Amino acid sequence: MLFPPLRSLFLFTLLLSSVCFLQIKADHDDESDLGSDIKVDKRLKFENPKLRQAYIALQSWKKAIFSDPFNFTANWNGSDVCSYNGIYCAPSPSYPKTRVVAGIDLNHADMAGYLASELGLLSDLALFHINSNRFCGEVPLTFNRMKLLYELDLSNNRFVGKFPKVVLSLPSLKFLDLRYNEFEGKIPSKLFDRELDAIFLNHNRFRFGIPKNMGNSPVSALVLADNNLGGCIPGSIGQMGKTLNELILSNDNLTGCLPPQIGNLKKVTVFDITSNRLQGPLPSSVGNMKSLEELHVANNAFTGVIPPSICQLSNLENFTYSSNYFSGRPPICAASLLADIVVNGTMNCITGLARQRSDKQCSSLLARPVDCSKFGCYNIFSPPPPTFKMSPEVRTLPPPIYVYSSPPPPPSSKMSPTVRAYSPPPPPSSKMSPSVRAYSPPPPPYSKMSPSVRAYPPPPPPSPSPPPPYVYSSPPPPYVYSSPPPPPYVYSSPPPPPYVYSSPPPPYVYSSPPPPYVYSSPPPPPPSPPPPCPESSPPPPVVYYAPVTQSPPPPSPVYYPPVTQSPPPPSPVYYPPVTNSPPPPSPVYYPPVTYSPPPPSPVYYPQVTPSPPPPSPLYYPPVTPSPPPPSPVYYPPVTPSPPPPSPVYYPPVTPSPPPPSPVYYPSETQSPPPPTEYYYSPSQSPPPTKACKEGHPPQATPSYEPPPEYSYSSSPPPPSPTSYFPPMPSVSYDASPPPPPSYY
């Protein structure tokens, strides 16, 4: 019989052995549950079981990538997964002595493929950034194992299907960027019951209205623009006053009246509802939005008199109410008294102002007052929002910068940690730089809009030292929000210091200047032959998270995703050359949206074209944008349109030769560009297939340029790394891909 001490020791040893056995068995069960067919070489030695699982996940994903033009995954071999390009490791939050894969940043890699289900093995992942690639299919359900995932950026790819509900099961998620994809159907109401800080769903195919519990969300930035939502703006919007800084609902086919509850949004700096079908008067409660800097209500059917309280807002910088049916404005709103405010009130029914509607239009049904109670919209309030534990820090997003100007600069070649902007991803620089995000789709400069430009101070210059390590923890730093020069709409958050993998994310600094946010529909993207999955330019990387111990991933989020690199296409827009992409025959300035032959007037029949000139060849004048529509409106028709073309040279879909330098293009016969307005909007162009299979020839679908970037980053990318990544176009969210073409 064993003595009591020996028996206790024996039982303890047995228990410890059982726990270790169960852990090892669980690891192998995870692998078998995911159906991985990766055979791990027995000669490979791994630092710990977590990195062994990461090896299986990344090797499975590598097999699911059909095209890697910059050989970004070339060094994804061997057991040292922490040295793989785009992979960042950090100490586990649960076991600090154990290194795990904490971040993935493949922004602007121009890869084509799909997301392997084995990625669910990366259960310690805190950030996943793959914007501005050509990944297609659907988001695997196995992502529900990523309990620490804080930032998810899938923008500017070719994902399809309904809203990926797996994101609703991620308990730590704070930043969600699904812009510029082909998601469709309803926006789930549960999304607004989650404790998210930023939601970007613009430029998809969502329909069936905005959920009535919208006001339950504690987000600081909400962008649902360029879908086909329809319906009313919920009255519950008034419940978002404590956190909301920016709301963009433009070009969503919204109807009804503007709910008076918007007066509760006292922290909102940017409010944009242009290009919808809203009616009735502007509520006088708008005068309570004390922080308002940008108010855009153009291209609707508003009537009545402009409330005087709007023109008394002390922070107002841009008030655009053109293309409505307003019948009057108070004397205080006269342009002479608003010298410091950009005001555009053309195409209304205001007596005494220039460029107003005709008497016939001003006596039409649309110009008559409406009874807003008949719409039955904003009287419905959703139940009180769930109580969220807000981090002590004050979150304030800098107002987006509407820059009606040229697209952002081309991405740099080196890969830097994800830079997040509400716009296209920033250019990668060093292996590990703080993630910077910018949120503003840099559309080409457009003529018809008052130049309200808002820029946030660019992030500080990169420090020579490597980025701080990922730290999994600590509450998110307070949002720092400053508005410097007017260039782009940039929300940049400082790079996460140590990657802190824990609940609160690192402080969000919404400040790096992203590409200009332009309200305009992007020109039809030039079709390009993508790999097995539809090809599209990569969006900006978006990243803001809790400090982490290893070097933080790339820069932070951006409103509109940007660009990728690829061969020069015959697109009608001139984009700055992108690093690593072959230079086009010669830069050609195409008219923004017009692909069809212009009017008979200036017709030049090119004699250089290989094929006989069509009946009326087009002479594309230099940079001259197509004539603005009758009324200065930010956005094109109500139909949402796909992401604007990114500043990338896309190879033409057809084998036709590249256009000669002096571009006198013959009509459609010679160049592949689609006819006018052949821009596929979310509601019009057929969504890509739900799955992309290797071996299938790429389909010539119009490539969507990366959306503009809102950079959530506040710190510049880290210094160039000692080890260089394969050439890869990267655009910091501040320099997101080319903005979508302006709708003017």
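Glycine residues also receive a Cβ, built from the backbone N, Cα and C atoms like all the rest.
Per Swiss-Prot, the listed range annotated as region 'Disordered' is 555-576 (candidates: 137-158, 203-224, 555-576). Helix first, then strand, then coil: DSSP counts for the repeat 'LRR 2' (147-170) stand at 5 helix, 8 strand, 11 coil. Between the alpha carbons (Cα) of Asn318 (N-linked glycosylation site) and Asn344 (N-linked glycosylation site) lies a span of roughly 8 Å. You'll find the Cα of Asn344 (N-linked glycosylation site) roughly 58 Å from the Cα of Asn77 (N-linked glycosylation site). The residues of the repeat 'LRR 4' (196-217), classed with DSSP into helix (H, G, I), strand (E, B) and coil, number 5 helix, 6 strand, 11 coil.
Ranking the glycosylation sites Asn71, Asn344 by other CB atoms within 10 A of the CB puts Asn71 at the bottom.
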